[in-house]
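Novice: I grabbed these lines from TrEMBL:
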- C140, H142, E176, H200, H403: Mn(2+) binding site (BINDING)
- 220-318: domain 'Peptidase M20 dimerisation' (DOMAIN)
- 1-25: signal peptide (SIGNAL)
Amino acid sequence: MNPFRMNLTLILALLSTSFPYNSWAVHTYLGSETESLTRELVEWARQPEFLDWLRRIRRKIHEYPELSFQEYQTNQLIRNELDSLGIKYKWPVAKTGLVATIGSGAKPWFGLRADMDALPIQELVDWECKSKINGKMHACGHDAHITMLLGAARLIQNRRDKLKGTIKLVFQPAEEGFAGASYMLEEGALDGFQAMFGLHVWPFMPVGTIGSRPGPIMAGSSRFSAIMQGKGGHAAIPHKTRDPILAVSMAVLALQQLVSRETDPLEPRVLSVAFVDGGQAGNVIPASVRFGGTFRFMTLEGYSYLKQRIKEIIETQAGVHQCSATVDFMEEMRPYPPTINDPTIYDHSKRVGEILLGNNNVQHSPAMMAAEDFGFYSQRMAAALFFIGTQNKTTASASKGLHSPHFTIDEEVLPIGAALHAAVAISYLDTHFLS
């Protein structure tokens, strides 16, 4: 469509007194604009030089993984790339994070987020860019997340003079268990954001597909650790002991009833005891046993209920077996809230994805009980998290999941993620400007 005719259609619609006609015209205008924008971004992203640049960045990050709140070298790499693009940023934020800004600074502000940290895993993939840091690996794809966001930065910077607002690029540390998102929020780095969008790689979907859902998409999560204190002694005379192993065994069984008998079957909750540590000899009853795990929930009410009942059950079972117990919910690691996709941001991102990839390649994903600290953002602003496929069925990566020492990605996903980030953000500003 001729841009002049599109603008004329919009002006007539805005001047009209007929609200249904206004809505139709604005929707048509925005759809055409988004389609044109997306095609333009895709053409840029398809350039061989662009993909080569993205690959080089991702592989540098992959070779030198850094754990939570230790992402100093990663931060420096990001700043070097932003400097070369002429993009301003604020750092440090939350110790090793940073927030970059593209646009005039005028509202609305739309955020794009990438997490930065690696995992304490020894990489077992034998390739030329294998991790050079012993015992550390980007096994959750955060190296790809950073790369896609830097790619989006380059695409957006090329259109900076046309932006109808401001786009903020959030490079966040410490997603892996240390709630880096909450520290970014506490420091005020995201104050004033109207909305946020994030991508997470997903090895069980093919490259060229994305997926998500409105509402709850990922669970909240918290941890607990307990010490059951009894009285040790020889296994031949158990009546002279207070057996903490028996008390823990009964507590573990009782905890399972929190989901099976105290939770509405239609409300997702999970409680998993993941470790039990006690005793060294086969003929000695230990004096104490340490055990713990995680509990997961889709509502904050579910979190409060499970936390209260876990403590009650462990302490009650201790009393029944003449032991004592202490329960620690390890809140220094900060419980993660559920990730709740805002329906409006979800719908907007889904439409952009359908234009970019085709309707059949935008999937409705089931909610899952894994947790993501993106949930902190979804509590504070309209936000949406999408999964982006990295699977290439012709390679060995086809069946290797996240947090696996064999995890790999198909790097063809990188320009797709970059273009999607950019299109979602730019078209959001256009939509907000016209609303």
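Cβ from N, Cα, C; glycine included.
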Novice: On the DSSP side of things, how many residues of the domain 'Peptidase M20 dimerisation' (220-318) fall into helix, strand and coil, could you say?
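Specialist: Taking each residue of the domain 'Peptidase M20 dimerisation' (220-318) in turn, the totals are 39 helix, 35 strand, 25 coil.
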Novice: Which number gives the other C-beta atoms within 10 angstroms of the C-beta of H142 (Mn(2+) binding site), all protein chains shown included?
Specialist: 27
Novice: Which of these binding-site residues has the least crowded Cβ, counting other Cβ atoms within 10 Å: H200, H403?
Specialist: H403
Novice: Provide the number of Cβ atoms within 10 Å of the Cβ of C140 (Mn(2+) binding site), excluding the reference atom itself.
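Specialist: Around the Cβ of C140 (Mn(2+) binding site), 22 other Cβ atoms lie within 10 Å.
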